[in-house]
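Let me begin by presenting the structure, written as structure tokens, before commenting on it.
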Amino acid sequence: MSARIHEIAKQYNIEPKEMLSWLKQQGFVAADTKSVSSTVSKIYYDEIAKQFAKPEPAPVEVTPEPAAPAAVVEPARVKLPAGVFVKSAQDIQREKDEAAKAAAAARAAASATVVSAPPVVVPKPMPAPAPMVKSAPLPPPPVSAPRFAPAPAQVAKPAPAPMMRPPVAPAPMAKAPVAPPPVPAARPFVPPPSPGAKPTSFVQPSPTAPAASSMTVTEEGGVKIIHLKPPIIVRDFAVALGLKPFKLISELMEMSIFASMNQSIDEAVANKLAEKHGFLLDIKHRGETQAPAPTPEKVKQTKEEKAREEDLKNLAPRPPVVVIMGHVDHGKTSLLDAIRKANVAAGEAGGITQHIGAYQIEHNNRKITFLDTPGHAAFTKMRARGASVTDIAVLVVAADDGFMPQTDEALKHAQDAKVALMVAVNKMDVKGANLDRVKQQMQERQITPEDWGGEIVTVPVAAIKGQGITELLEMILLQADVLELKANPKAEASGVVVESEVDVGRGPLATVIVQRGTLRVGDAIVCGPHWAKVRAMFDDKGQNIKEAPPSMPVRVIGWSSSPDSGSKFMAVKNAREAENLAEEEEHRQKKEAVSAAAAPKDTSLDALFANIAAVQAKTLKVVLKSDVYGSVEAVRNVLEGIKSAKVSLEVVSAEVGIITKNDVLMAAPSKATIIGFNTKQENGVTALAKHHGVTIESFEIIYELGDRVREMMADLLEPDLKENKLGGAEVRQVFPVAKGFVAGCLVTEGKVNRGITARVRRGKEIMFEGKVGTLRRFKDDANEVRAGLECGIRLDGYDGYQPGDRIECYEIQKVRASL
Ligand SMILES: Nc1nc2c(ncn2[C@@H]2O[C@H](COP(=O)(O)OP(=O)(O)OP(=O)(O)O)[C@@H](O)[C@H]2O)c(=O)[nH]1
């Protein structure tokens, strides 16, 4: 609703032009307004009233009411100039309602700051506003509406509601409880066009509202942060909070804070509101340098710090994870078996032992986890992937053999991995067992046994007889105590994949060891480019379990594909997130592979020749299949260990599973050999392989596999020729015969055969090489003449024998070339 300028001017007895120019000056009408018939928005009525109302008693009177806060202007009690303004009954009712609402709000404002309000408010029109303190004891009287009530009839619905003013704003009409400072009537009203200065503007945006503030909202680690600089303007703040400004205003009112859309609120209030709506405030004051936005690393670091703090609160002891390493045949497997048999965890007896890559036993009511893939291949592979699942390494040394090359290798791996080391001297029962010699060797390697003044716990055992097992386990537990192994079982699960395989019925399976948190059926986990929704979990006895706490090895079902042993896994929010993360990782790996392939190549001549040589070099191509992922890795390691300058080895594929017809079809074009390790063949594979000329070799012992592959590689080379001496004879006489001459000889070594290759040697010089065409014993032909006997020998095509010559008989053997 609005009134025309001349009408307003008339009301205040002011020249319309004067009124127009003042309105323009205040920005209440457009600067180019020329006509006094133009209208003025009712939102300015209050300001106009403040400026032009006379100090004399107003034509509007509000009957004072004893309950001051309810200083509601009863329209019925307002004396209106007769005949000027006509209101319908509904209008009056509405005005009543609105007035009541405003009064209620005003009461709330007053009650927030005032204990008892003065009983009466006489809304005398004050010529100029006496700025009210924030704790204005009285709600502002409904001045503006009654003032404009006499406005011309075309103001169909005059601004009726006596709006309460925000306590922070000047309360122009409210009588101060003490004495309102006398204000000169003509004092010009200088309302800053700023929003906060317009007491009634809190429900109407001011035309001169400040430009949109620089509030920005960011999200870091799931927390929404509003970055802003004061002043905190209600409207902008509402936008940042995602609220309608009116909603925020009403929330402010609930807090007894009355602010218009364009007013500012203080930081404490903003903080409370932000908190209520789940935001954090980042307030930058002037002069403060804007802190750089946190980097993803920073966010990650903060998250990790949080996780660490969380862990510290919930740390609980966890069982040690032990690996057994040592030289071949020193008894690693026997020791693992002995430990397992002797110490089945209570209540688990009767379960069927499953090889899942790790098992857990109980000793003295405490659990110990053993990785049951003996040897260091799996261990090193895990380390290569950055996984350090092992706490203690037990180095097995046979008491009769002592330290051997692989013992040293295993020792180096354990030391590199910085795991706690213990030595089990095995085979103490065999003849020739020498514990002291082993200890001596330990000392030489700077791993002095405890009882020799060093730090390395050394336990003599006889795995095959089960002797010393208890002591070994006790020592392991003692070592675990020293290490103070702890983990937070309450965290989200994370850990390491120990082994994986593909089961025909159940799909990919993987044994994992939880390192932190507890893994539960139903959890979603991600492991590099693989993910799983845990459908079921089994322990090493094949028993179904629902939860796996830290250090517990479990076989997990529900994988999208076979994860790599040694890779780390972690639980995430849900399957969708797991799948997304796995996809991202797959994409990243592919990209990495593509960019590596596209990397500039060495184009030097040397490189060119090296390439030509490489092309010419023979290559043995291998398609590898194995029962479990751990074995694939182990076999691959063995194969990669075969080095040759003459033949190279190319593993076309290395997968878990049985040998299938597909493998044959894949191997055929590249003439690859299929190598199976501990795995079977699909029906019909043999026939298909024969048809395509594909060789399949199966092994159960890894060293045999290595040897055979070496042979196959060597077979690709041209064989080496080796002379095999069969016999020798000395020429004593030369006899003429019909066709030439025969050498009369004494066989001095081996034997001489007819048809064999021989050479005639005179001193160091070879006179002739050819076949033995004639071999006679006396006058008879002979096939073979042995050492010590005389005979006649003639080589086809040669007659130049002389007494004293030597006839050497030999054969050329083809032997496999060496790599
Ligand atoms: N007398 C005796 N023989 C043992 C003992 N421990 C193991 N053996 C024998 O030593 C041989 C090798 O034992 P394994 O347990 O297979 O040794 P390993 O280190 O696992 O061997 P690889 O798996 O080939 O590396 C087997 O014939 C065992 O019977 C022991 O305490 N006393």
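Using N, Cα and C of the backbone, Cβ positions are placed for all residues, glycine too.
What TrEMBL says about a protein is an automatic prediction, not a curated fact.
What TrEMBL lists as GTP binding site is 326-333, 372-376, 426-429. Taken from TrEMBL, the feature compositional bias 'Polar residues' applies to 201-213. Residues or ranges marked as compositional bias 'Basic and acidic residues' by TrEMBL: 297-311. Summarising the annotation, TrEMBL assigns region 'Disordered' to 192-213, 286-311. TrEMBL lists 320-468 with the feature region 'G-domain'.
For the region 'G-domain' (320-468), the DSSP-based tally of helix, strand and coil residues reads 47 helix, 40 strand, 62 coil. Taking Cβ-Cβ distances under 8 Å and a sequence separation of 6 or more, the neighbours of Asp329 (GTP binding site) in its chain are Ala398. Among the listed binding-site residues, namely Gly326, Lys332, Met428, the Cβ with the most fellow Cβ atoms inside 10 Å is that of Gly326. Taken as a whole, the region 'G-domain' (320-468) shows an average pLDDT of 85 in this prediction.
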